[in-house]
Amino acid sequence: MLILGVESSCDETGIALYDSEAGLLSHALYSQVAMHAEYGGVVPELASRDHIRRVVPLLREALGQAGKMLDEVDAVAYTRGPGLAGALLVGCAFAEALALAIDKPTIPVHHLEGHLLSPLLSSDPPTFPFVALLVSGGHTQLMKVTGVGEYELLGETLDDAAGEAFDKSAKLLGLPYPGGALLSKLAEQGTPGVHELPRPMLHSGDLSFSFSGLKTAVLTLVREHADAMSDEFKANAARAFQEAIVEVLVKKSLKAMKQTGLKQLVVAGGVGANKQLRTTLNDEAKRKRFRVYYPELEFCTDNGAMIALAGCLRLQSGSPSKAAGSFAVQPRWPLMEMSVSPTK
């Protein structure tokens, strides 16, 4: 079964081909980061227009990489939500029209489910069940995953997501867009212990997160040093911020592992690429004897490969596809609303 995946939820356009037996055959990706950097963040209208420009060339690239013809595709999976409404509509309309043209069904996919399942693209994938830490610019959640579409929410952020806190704190430190990754690199140059920042909800007793207070603490720190914003200060502040957020993510994840009794942890989403987070979790995994899995770095950001994979696994788990032509997107779409509906 050959699945074509289309991703367009924000500022990356991705097209991929996934075979149920051979695995990932190709994936083509275009990032709009350079375009949005001029504005200091994603401009939704510009994102939508650029998706329109990129989808057809990327489709040709993906087909060429895989050595496949369009009529060999068995179904077209696409991101239905959550995300930017206009950006989602571009990918949705493209996928539905393409499927209609080749008389194949479509599979609407949840963007976060794509991230959640992306470690299954690796050569050493996790097996169900496992605990998942989803950390991105828009979401921070801990879940118990027992199968495709079988998700139990253990805890989530009550305000800002971890990735959002990274980006906003980077902006406070005067770093250009996209700031989160730059803050992480800057933190490597910082000295531990120079600044102390709060660990929000670290001892709350539950698995909820809150990062708005940490962002406010960075703002206060910056204001206190407004007359001495040296490179050294920025590096030390970045180090303090990253250590605080990583400690919270790690300790909450360990608590979820203990609470569920599971021995596998999946970390997915853009923040999952953070070096300090990975190093700390790997050390804890060795110490507490559990396994931790991450997507390949190229699949931490938004991509079509994870959408193609999720679509394929959805079909294999019994979720029905639908006839092409009619469609809708869901900019706001809680992952817990997803469920497997076995075909009769």
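Positions of Cβ are set from backbone N, Cα and C atoms, glycine also.
Note that the coordinates shown come from a computational prediction; the quantities given were computed from them, not determined experimentally.
For the substrate site, Swiss-Prot lists L134, V135, S136, G137, G138, D167, N274; matching the candidates G114, G155, G180, G261 against that entry yields G180. Around the Cβ of L134 (substrate binding site), the same chain contributes L112, H115, L116, T140, Q141, L142, M143, A268, G269, each under 8 angstroms and 6 or more positions distant in sequence. With all protein chains in the displayed structure included, the most crowded Cβ environment within 10 Å among the binding-site residues D167, D302 is that of D302. Cα spacing between S136 (substrate binding site) and H111 (Fe cation binding site): 11 Å, rounded to the nearest whole number.
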